[in-house]
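These notes are about the structure you will find just below.
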Ligand SMILES: O=C(O)CCC(=O)C1=CC=C[C@@H](O)[C@@H]1C(=O)O
Ligand SMILES: [Mg+2]
């Protein structure tokens, strides 16, 4: 016997979360529950505005169609739509036991570049010190100075930076000029410094600073390849698709000697705890990019350890079916 449930949620965000120059006031998405005999699996379907091609309504319609077929006992192929394929495949993998329960709740603290804020965060994390700093939001020169200062002040710190393709080659150069060449190896990578991949490669060649692909993974002409200066790929499962596709991408990256970083698409705590499990399962050596729960004002159904945010239960959400 199979049965299904689908809920729509809307969680208020912390003021000031800006994605692609758009303020994200609420995080909207769907939670799905599959039940088969005495087994139960959950998944989150949350297209990310500005990043996903689909909307929540698109996702809902595609999910409903698949759920109707699954409920009648058909094992239909997963939909292509990435957020839907991800959520449904997680629910199926919980039922089958493919997605292990063990989770890696470490997360590289996300910092907007306020050094005092970062020092406080770093003090709180034991072990390997890896943090992620958004750059490209202020003057490139200021970013360079902040990065230099952080690396100087915390000798065992590794930084991940993310420019979201915000820099022209000139701005990228201005940034690099302020980062002491001896400190540059402690920049684990900078995600997508420039508007084009070619400009980002050029930046890496000229500065010796490693780069990572994130946005590029979703482009039609992207192929996984090892190349000079490239150290990592950032994999955002909600934007990628099914768990099988995520796994394939992780394996391809590892075979090429690249780090694969499992990263959040700002999912609720339910999706985030699953990403922490995916990390423990597929990329256990790597600290994931999952420090986004604090951008939200509530958790959903499952709790992230030690989060003080209230946790909304399923009966507080809008039931679709
Ligand atoms: O990767 C992380 O450490 C956290 C997630 C994160 O930085 C992002 C999530 C979603 C959209 C973006 O603003 C940003 C990114 O570009 O990687
Ligand atoms: Mg990025």
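Heads up, the Cβ atoms here are built off N, Cα and C, so glycines get one too.
Here the structure is a predicted model, which means the values were calculated and not measured.
Among the candidates 128, 191, 248, 251, the residue that TrEMBL names alongside 162, 214 for the Mg(2+) site is 191.
Between the CA atoms of residue 134 (active site, proton donor) and residue 214 (Mg(2+) binding site) there is a gap of 14 Å. Most Cβ neighbours within 10 Å, among the binding-site residues 162, 191, 214: 191 holds that distinction in the structure as shown. Counted within 10 Å of its Cβ, the other Cβ atoms near residue 134 (active site, proton donor) come to 18, all protein chains included. Closest to residue 236 (active site, proton acceptor) by Cα-Cα distance, out of the binding-site residues 162, 191, 214, is 214. For the recorded Mg(2+) site, residues 162, 191, 214 set the reference point as the centre of their Cβ atoms, and the other residues of that chain within 8 Å of it by Cβ are 160, 161, 163, 164, 190, 192, 212, 215, 234.
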